[in-house]
């Protein structure tokens, strides 16, 4: 710190009459003191670091140092802020859920994501439900129906946590696929039966060959 002797206006007459060597020694001491840290500087720095550390911890925990406001401009109460935080979480999860449906449905999606909105204590709109319309009609052929059914199943179960409705749609698509598979199997069996009806017996074949001979 800076000593009083470093100020020339406060030097006594005895000090003014001292030798040049003493004066230089005092100047050297004053210079050394001037370069030292002022009182309280370390504590102020530590306090600032502590505040920054607390802020970082709050950010890491997902909490906000500031609270929202109501539509009238008043600060939200703790319960209102908790409700807003929950609505923000639900909104994020809802949008991710519907986007997963939309991405997996591809060309079978007949609309974009439709959201059911609710108003929070802060006056903002948050999504708390939604749906994506998908074409679930059978294809023109059993083979096309199977392809569509598999896409529908993938789209219905695309979110990490499918809803009850999602699971029901997937079950319907599996049933549609099974029916198409049965149609293909029946068609194959019928084709074999028809082909078998036109197979000449060995006796007929022999008689024909004999006649031709």
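From the backbone N, Cα and C atoms, a Cβ is placed for every residue, glycine too.
Fair warning: this is a prediction, and the values are worked out from it, not measured in the lab.
According to TrEMBL, the feature region 'Disordered' maps to 1-95 (among others).
According to TrEMBL, the feature compositional bias 'Low complexity' maps to 15-56.
What TrEMBL records for 57-70 (among others) is compositional bias 'Polar residues'.
Taken from TrEMBL, the feature compositional bias 'Basic and acidic residues' covers 86-95. Listed by sequence, the residues of this chain that lie at least six past the ends of the compositional bias 'Basic and acidic residues' (86-95) yet keep a Cβ under 8 A from its Cβ atoms are 113, 115, 118, 120, 126-130.
Annotation source TrEMBL lists region 'Disordered' at 119-141 (among others).
If you look up TrEMBL, you'll see 184-213 (among others) marked as region 'Disordered'.
Summarising the annotation, TrEMBL assigns compositional bias 'Polar residues' to 200-213 (among others).
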Intrachain residues whose Cβ lies under 8 Å of the region 'Disordered' (119-141), provided they are six or more past its termini: 68-71, 76, 80, 83-84, 87-88, 90-91, 94-95, 97-98, 101-102, 105, 108-113, 147-148, 152, 155-156, 169, 172-173, 176, 180
